Amino acid sequence: MRKNLLSPSLLAADFSRLAEDIRNVEEAGAQYLHLDVMDGAFVPSISFGMPVIQSLRKNSNMTFDVHLMIEDPDRYLDEFAAIGADILTVHAEACTHLDRTIQKIHQLGKKAGVALNPATPLSVIEWVLPEVDMVLLMSVNPGFGGQKYIPYVTDKIRALRAMVDGRGLETDIEVDGGVSLANVSSVLEAGANVMVAGSAVFRGDAAENVKAFLEKLS
Ligand code: DX5
Ligand code: ZN
């Protein structure tokens, strides 16, 4: 039986009180913490990097689910591994030698995720799928929190679930962007099992929101 997990995205938290925001979602039962690293090149905005993640590591036992929205992520994998990332997810669109990048993440003892932008076809990961621990399907164009879920991604989740199950794999399917309490059940039903939620968790009472998500995922 696959596990359904919640990965609150820190991008929507209050950056002046990160430790407190993290404690809230951890105590409420969130299993993963989604950390969005943006370089101002692969995506238009710049978020945060290693020093922030390194500091947060001391405050949390959650699985650090690091989403690298950066060009040529190979340059930084050693550092992200050393500061306590548990899952390193790279964008297929940002890697020239995706297979090599996945191998490198595994050599560093970390779980390897591959992210696909909404317009990127699943065929990009066809051959590497057995090597990947998690596929992240973007359900918004990456770069900003608080955007609207793109409806066609639900069919893409279904197609990926069929691909994973059809090949007898255990690959996690994560969905990121515009996931809310209103649509999480349909995302789950389509076959995703790791839900990223930024604004839907941190806008309002984060602990209450986490509990409400976990109820829908149980
Ligand atoms: C977008 C990021 C997301 C973002 C999700 O580029 O990868 O993780 O923080 O935020 P919401 O849930 O608000 O769409
Ligand atoms: Zn993300």
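Any Cβ shown, glycine's included, is placed from N, Cα and C.
Unlike curated entries, TrEMBL annotations are predicted automatically.
What TrEMBL lists as active site, proton acceptor is Asp36. The Cβ neighbour count for Asp36 (active site, proton acceptor), using a 10 Å radius and every protein chain shown, is 24.
Taken from TrEMBL, the feature active site, proton donor applies to Asp176. Around Asp176 (active site, proton donor), the same-chain residues six or more apart in sequence whose CB sits under 8 Å from its CB are Ser9, His34, His67, Ala115, Leu136, Leu137, Met138, Ser139, Val140, Pro142, Val196, listed in sequence order.
Per TrEMBL, the feature substrate binding site maps to Ser9, His67, Gly143, Phe144, Gly145, Gly146, Asp176, Gly177, Gly178, Gly198, Ser199.
Among the features that TrEMBL reports, divalent metal cation binding site is placed at His34, Asp36, His67, Asp176. In the three-state DSSP reading, Asp36 (active site, proton acceptor) counts as strand.
Proximity to ligand 2 at the level of Cβ atoms, with a cut-off under 6 angstroms, picks out Asp36 from the recorded positions Asp36, Gly143, Gly145, Gly178, Ser199.
Within the group of binding-site residues (Gly143, Gly178), the Cβ with the highest number of other Cβ atoms inside 10 Å belongs to Gly178. Neighbour density at the Cβ, taken as the number of other Cβ atoms within 10 Å, is lowest among the binding-site residues Ser9, Ser199 for Ser199.
Residues near Gly145 (substrate binding site) in space but far in sequence (CB under 8 A, at least 6 apart, same chain), listed by position: Ser9, Leu11, Ala12, Asp36, Gly198, Ser199. For the recorded substrate site, residues Ser9, His67, Gly143, Phe144, Gly145, Gly146, Asp176, Gly177, Gly178, Gly198, Ser199 set the reference point as the centre of their Cβ atoms, and the other residues of that chain within 8 Å of it by Cβ are Leu11, Ala12, Asp36, Val140, Pro142, Gln147, Val196.
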